[in-house]
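Reviewing the structure listed below.
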């Protein structure tokens with residue numbers, strides 16, 4: 001039993017909890033004191049290099065989340081009605097963890113190949129994916145700033161396919177989707193905080209993804225949001241090192257051009 005049982009359905013939580021978590025977790029990063037000690041880019045770089053203003057970013061994210069919520073409701077409706085006859089029982093915790101791990105692999109695979117194709121197809125990059133790269137210096141609440149078509153193909157369909165292939169219930173999906181959102185926001189936060197637990201468990205992190213947003217890294221480090229396996233297997237991994245800046249913070253320097 002989970003804390004929302006009896007108040008909100010699992011399907012409703014699976015639809016709206018990730019959206020709420022996005023703004024809470026992303027907002028937390030945005031409201032942190034502007035300390036240059038942990039930034040991967042200076043505030044001046046953020047102002048000068050980014051090609052879109054924050055109000056436009058917020059509107060773009062809200063549009064994607066509207067589409068995401070609509071697809072999620074339809075997905076839960078269809079999958080729920082097809083499973084009703086089985087009198088669905090929540091699996092054991094180990095089984096749920098295995099399903100979440102499987103969903104992570106599926107999502108990583110889907111997003112790697114769609115993301116990579118959007119960089120190599122000139123039409124798709126120019127008219128679709130380049131919108132995300134207007135944020136040359138990423139920040140937390142801009143994690144889902146995408147062209148609506150990209151948001152549908154990359155994130156929304158990626159989540160739906162992960163849910164269906166893993167066989168998880170709507171209740172398990174609440175935890176998986178919320179975790180995926182937190183990880184995506186963290187990868188775009190533009191900060192390198194000491195003690196960040198994601199840096200211990202995932203090589204695919206804020207510095208890893210920062211390389212991808214740099215000009216020399218746009219054809220590398222496509223993997224997101226969990227592992228870096230596909231980049232390493234298919235030769236699109238760009239190693240880097242973190243160099244402390246004299247004025248505070250860090251700089252991610254690619255080791256391969």
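Keep in mind that glycine also has a Cβ here, set from the backbone N, Cα and C atoms.
Automated prediction, rather than curation, is the source of TrEMBL annotations.
Among the residue ranges 160-182, 183-205, the one that TrEMBL annotates as transmembrane segment is 160-182.
Looking up the ranges 12-32, 222-242 in TrEMBL, the one annotated as transmembrane segment turns out to be 12-32. Non-local neighbours of the transmembrane segment (12-32) in the same chain are 4, 61, 65, 68-69, 72-73, 76, 139-141, 143-144, 170-171, 173-174, 177-178, 180-182, 185-186, 189, 191; each lies 6+ residues outside the stretch with a CB under 8 Å from one of its CB atoms.
Proximity of distant same-chain residues to the transmembrane segment (160-182), defined by a Cβ-Cβ separation under 8 Å and at least 6 residues beyond the stretch ends, is recorded for 2, 9-11, 13-14, 17-18, 21-22, 25, 71-72, 75-76, 79-80, 88, 90-91, 96, 99-100, 102-104, 106-107, 110, 225.
Tertiary neighbourhood of the transmembrane segment (52-76): same-chain residues 11, 14-16, 18-19, 22, 131, 134-135, 141-146, 148, 151-152, 155-157, 159-160, 163-164, 170, selected by CB-CB distance under 8 Å and a gap of 6+ residues from either end.
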